[in-house]
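For 55-65, 470-486, 552-565, the entry in TrEMBL reads compositional bias 'Basic and acidic residues'. Summarising the annotation, TrEMBL assigns region 'Disordered' to 55-76, 470-498, 524-573.
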Amino acid sequence: MAEGDINTASLKTIREGSAEILVAEHVFYNPVQEFNRDLSICVLTTFSRIYQREKSAERQRKNASDDATNGADTKLEAGVKHENGLRILEALSATGLRSIRYAKEIPGVKEIVANDLSKSAVESIEQNVKHNQIEHLITPSFNDAVTLMYMSTKPEQRFTAIDLDPYGHPTRFLDGAVQSIEDGGLLLITATDMAVLAGNTPEACYVKYGSMPLKTKACHEMALRILLRCIETTATRYGRYMKPLLSISADFYIRVFVRIYTGQYACKKSSSKQSMVFQCTGCEALTLQPLGILKPNPTEANPQQIKFGIPTGPFVGSRCEHCNHQHHMGGPIWSAPLHDEQFLAELLQTVEQEDSKRLTTIRRIYGTLTVIREELHDVPLYYTLDRMCGILKLESIGMLKLRSALLHAGFRVSYSHASRTSIKTDAPISVLWDILRCWHRLHPVKADRFLEGVPLTAILRKEPAKVYNIDEMHPDANPPSRKESLSRFPENPAAHWGPGTRATQMYVALYRPCSNVKEVSNNKMLKSAQNQNKRKQKRTPNGDSAEEESQNDVKADSESPERKVPKTITTDC
């Protein structure tokens, strides 16, 4: 066997989508990310159509009508090289599975650069590209991802789309990515360090992302907004700005799809799209304060002219107006919309097409996108019903009852795709407390709960400003995604799901059993067992307070068979 060749007899075959790859034990593959890859294919397919339409319109503006017509009439096909198509960089390719699927399933591709810093991974990519017979579309690259992007900053060398799916945080790659993406290009970015983004270590989040997170029930959406803000501030250094198309929290990671444009004037609006966040330490009420504001300043020459200003503040007092507790301050975060409604509508059309129905996770994709489209895109962050009732030690009100009360009162309300008990509404938090005060009249809290200094005493002793209609069901209280029983908030995809251990064989025994796989070592499984429900295990019920606290949070079934770890794991085919 020649040097550099791979012994295919020692490799294992994995099939996903239209791709079939051969993997060795030292090359990383995580099957839980199949949803991520399927969704990325749908997004890139939609973006490819939009990109071709925009290029056609650009050619028409340049009075090249013949070329524009030809370009518009060209049928985009997957697996076929299109000279005017997308040039995609997968900066961290590992097995090359994602690039191979992109080449075989996304129409309108010109070239895909599958890069990795590991020599063995690049050898695996080369082997898999030949195995799938798509050498005409994929170029394997053995390079540092940051160096490769910095070497591609010239306009003629830039990429149309860059996919960053690192192990951990993606921030070290952002500077090169925003410079090497063409104007109007698409960045697909994943972050898997959710403990950092969700507020477990605020100092680490500040070091990596430049923002302070808060430990709030809306931590998954806050994580998205911290990442988006980091991308935006990186882009504005170079006179570029971003437009989020889709931002999603799923499983153990967050994933954002943003387009990067060039424009100094648009960059100046960036401060008005970022906010600091104040959170009450008692009732957890959230208040956002923008870093900058836009004021209308019309003139005869330019009626649409605006003036940039600095807001006066702070927007909160030294004590919370609802429960008299102090505030934590976090941020800055991205406070503009997370998604583009027009793109979402076209993306759902892509998902509904026959070609996309071959995707294994298509049902989950459709359900998640439907919930996202139902979200209030102009309302940042959310509350959760279980936490609000838990703060007041109140018997939980039905979600549809609370939504009905808000709709009857003239406010808007929606779920967030990040939480099944979420309340995303344009109503102020005082209205939510008023509704729960009305519910308290029907289902009173025990008198011994009213202690001095606790939030429930300060909130429930106040009279509601008005009586809210709780009993009558509003026709829009039940959203279409719930009526149609879509897959809105799926369960964990597998036992011990997560980002996995970097470049080990652990995934095979857990997710893809095969007769040739040996036992997984006890050390790796013990580590996994240690981290399963770690915080939950510490809260053993020693008294009322521990039981009450566990009822306030969304319950995790720590006794589920999927969460139990056997002493040894063997595989059967």
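Note that Cβ sites are derived from N, Cα and C of the backbone, with glycine treated the same way.
TrEMBL entries are annotated by machine, without manual review.
Worth saying up front: this structure is predicted, and the values here are computed from it rather than measured.
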Intrachain residues whose Cβ lies under 8 Å of the compositional bias 'Basic and acidic residues' (470-486), provided they are six or more past its termini: 363, 366-367, 370-371, 374, 397, 400-401, 403-405, 407-408, 414-415, 435, 438-439, 442
The compositional bias 'Basic and acidic residues' (470-486) - residue tally per DSSP class, helix then strand then coil: 4 helix, 0 strand, 13 coil
DSSP helix/strand/coil residue counts for the compositional bias 'Basic and acidic residues' (55-65): 8 helix, 0 strand, 3 coil
